[in-house]
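What follows is a set of notes on a single structure, which appears directly below.
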Amino acid sequence: MKISVLTIFPEMVEVIKKYGVISRAVQENKIEINIFNLRDFTSDKHRTVDDYPFGGGPGMVMKPEPFFRFYDFYVQAFGKPHTILTSPQGRTFNNDLVKELSLKENLLIICGRYEGIDERVMELVDDEISIGDYVLTGGELPAMVMIDAISRFVPGVISDESVIEESFNTGLLDHPHYTRPREFNGRKVPEVLLEGNHEKIELWRRKMSLKKTIQRRPDLFLKKEFDEVDKIALLELLRELINDVK
C-alpha cells in the first residue's frame, strides 16, 4: 500500500516513519509512505503557496497552482490516487472509514493550512475527512493519525489476532490488561487471569469490555449486535449488579 502526504511542513510528518510499528512496516515494505513538500511545486523564487482571499477577510488562502502541478506530477509518477483533504468539514474519521481506506492501494493526503485551500483544488479531491469537531492549525497531525490507523489494517503490519481484538473492531471498548507483578501497592491481578482456564478468561474479558462500554460509550453499546458470549457475559454482569444492590 502506498500512502503519500502533501504538506508545507514535511519534516513534521516524516516523524511517523521513524518509530514503532509504522517504522517496521516501512522497512519491511509492507507500506510505502512518501512525504512531498508543496513548496517544491511553486514557480516563484519565494516558493509562495498562499495569497490574500478575494472579497477580503482574515488570513490567507492556499493557492491552486502548486496543487495542480503536484497532482500532474504524482499521477504520472504513481498513478491516480484516492485523494483525501484533511478538513473539519469532512466525514468523521472512524473505524469503519479506516477499514474502507485500508483497502485503497494508492492514498494521497493533502494537508490544509491557513484559512483554507482555493476551492478549485477540490476538483482533485475524492474525500474530505475530519478527525473530530475541533479546528487544528493544519492537517499534518490528522494525516499522521490517519496513517497510523490505516496502516494497522494493512496485512502483515500487525497480527490479525491483534486487529480483531482491538477496541471498536468488536464494537466494544477494550478489556483491562495486566502484567507482572501479581500484586502491586496492595492491588492484585484478578484471580481468573491466573487460573489458565481460557473459556473463563474470555468470558471475564468480554464482561469487562461490556461493562466499560456501558459506562463510557453507551452509544456503542446500543449499536452492538450481541453474540452468545456477549449474552452470557451480560447475564453475569446483571447478577453482579443485583448482588451489589442486596
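Even glycines carry a Cβ here, placed using N, Cα and C.
As recorded in Swiss-Prot:
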type: BINDING; residues: Gly112, Ile131, Gly132, Asp133, Tyr134, Val135, Leu136; note: S-adenosyl-L-methionine binding site
For Gly112 (S-adenosyl-L-methionine binding site), the number of other Cβ atoms found within 10 Å of its own Cβ: 23
Sequence-distant neighbours of Ile131 (S-adenosyl-L-methionine binding site) in its chain (C-beta under 8 A, six or more apart): Thr86, Thr92, Phe93, Leu141, Pro142, Val145, Met146
Long-range Cβ environment of Asp133 (S-adenosyl-L-methionine binding site), under 8 Å and at least 6 residues apart: Pro88
Cβ-Cβ distance under 8 Å to Val135 (S-adenosyl-L-methionine binding site), same chain, at least six residues away: Pro88
Site of maximum Cβ density within 10 Å, from binding-site residues Gly132, Tyr134, Leu136: Leu136
